[in-house]
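A.B. asks: Features from TrEMBL:
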type	residues	note
TRANSMEM	26-44	transmembrane segment
TRANSMEM	65-87	transmembrane segment
TRANSMEM	93-112	transmembrane segment
TRANSMEM	124-143	transmembrane segment
TRANSMEM	149-172	transmembrane segment
TRANSMEM	193-216	transmembrane segment
TRANSMEM	222-239	transmembrane segment
Amino acid sequence: MDVVLGAVAGMLFFSDLLNTSTPFEVYTLLGIAVWCIYSIDHLLDSRKIKGDKEVSARHSFHQKYFKSILLAVALFVFLGVLLLVFSESTKSLRMPGGTLAGVVVIWFFILHKTSLQSSWLKEVSTAFVYVAGISLAPIVLSGKENLDHFFWVFVTVYFFLALLNLLILSYLDEGEDKELGFGSVLTVLSRENLKLLIILIGFFLVVAGLGLLFFFPSYYSIYASVFMLIAAFHLLEFFRKGQKKETTRIKLEASFLLPFILLAF
């Protein structure tokens, strides 16, 4: 649920940035899409697990309730299609939203069928799809005249923020992924090199946040602050010692809820 709410908060971030009113139905559609993609990914992973290998609570849950979750996914996909096709609020999103959904389904199906050597693309493509998904509606609803270079800078750094999150999670899940035969960026990078990459991206994002705060027009200060806080929190949690992996995961996912603070302004 944190992943879904984090995506909704991300859409709020870009809607507010563009001073665009995004209908409630669009937020609902995004939530449905994110939950379905998240669930399908875990269902596919659970099918790859052979024997009595020890798995995380997430994978165990999807293994145990595979059929029920699959049925729920089918139901929500159906409801999402109805909402996209018949709601007047989503009319302008039918073509771009449907296209993005189709590309996502095909791409992740390909990733699940390819070799481990290409699985590093999962983190990069997931970050790209995530940011495309949360920014698509604000972009379509705001009009091209509002899409200046300031906006695209925020889209770019948010992509790297999402990538940072995914790289940290891959770093934390190394042992489990290796045991279960799941691919990640660690199939092409050593653990030490991944750690260095995480640190470099993390510090880059904090410095970028400071740059946005001090060199962009004052209108963007609140957005730069929110972004920088999330990035800095990721770095702090990455360096924290003695914390359970699942606790770190929950805290990192929860940090993406911070854009909800924009509702107070």
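Cβ from N, Cα, C; glycine included.
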A.B. asks: Should the transmembrane segment (149-172) and the transmembrane segment (222-239) be scored as in contact, given a threshold of at least 3 Cβ pairs under 8 Å and pairs 6 or more apart?
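C.D. replies: Contact between the transmembrane segment (149-172) and the transmembrane segment (222-239): present.
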A.B. asks: Quickly jot the same-chain residues contacting the transmembrane segment (93-112) by Cβ under 8 Å, restricted to those at least six beyond its ends, or write none.
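C.D. replies: Distal contacts: 26, 29, 33, 37, 40-41, 44, 84-85, 118-119, 121-122, 125, 129, 132-133, 136-137, 140.
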